[in-house]
Amino acid sequence: MDKTQLILLGLPIFLLCSDLFNLFTPPPPKSQHQSPPSISETLDFPAQKSTGVGYGNTVEINFCISCSYKGTAVSMKKMLESVFPGLDVVLANYPAPAPKRILAKVVPVAQVGVIGLIMGGEQIFPMIGIAQPPAWYHSLRANRFGSMASTWLLGNFLQSFLQSSGAFEVSCNGELVFSKLKEGRFPGEIELRDLISGTMTKPFVTGSY
């Protein structure tokens, strides 16, 4: 086995092991920083925040992070905060359904199984009672480097698909005002502004900002 073949073999295995490590490793505990003691004093101007037309209202934008919707969510957040001063806009991930998330965790295991079968099938098949490996195994074995690379790429694509929810859900004060899952599209800025205005506890008046 020459140097090029070793690289082609090692790269997919390294990336696959990296995916498995990131998937099953729990996130590190958040370090608790000691905040310096705050000096409590009364200021003359904090009441300005309460004069904003959006003060006291909360908008939640739950979107699919793995679908690259973050840019759209941030743009909508900035627009709403500029139109409704004082409005609290919260961005959060909208996860895929539980069955899809479970299948997404199975994919890396299947990738390891397929790659292991390609590399050591001649020993694995007799262990499970199959004396002669099937014809499809010989086809994969004949081009084992391409087969392993394809297994890794297709597995990553499938895992990304299973982790995607395709959601862009907007709620105002706990009430759903727009759902991409139902509408099949993103909301327009003017449309979203009007939806939020009709749901706020302090109605938005044109020209009041």
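Even glycines carry a Cβ here, placed using N, Cα and C.
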Of the listed cysteines Cys17, Cys67, which one does Swiss-Prot record as disulfide-linked to Cys64? Cys67
Please give me the CB contact count at 10 A for Cys67 (disulfide bond), counting all chains in the structure. 17
Using DSSP with the three-state reduction, classify Cys67 (disulfide bond) as helix, strand or coil. helix
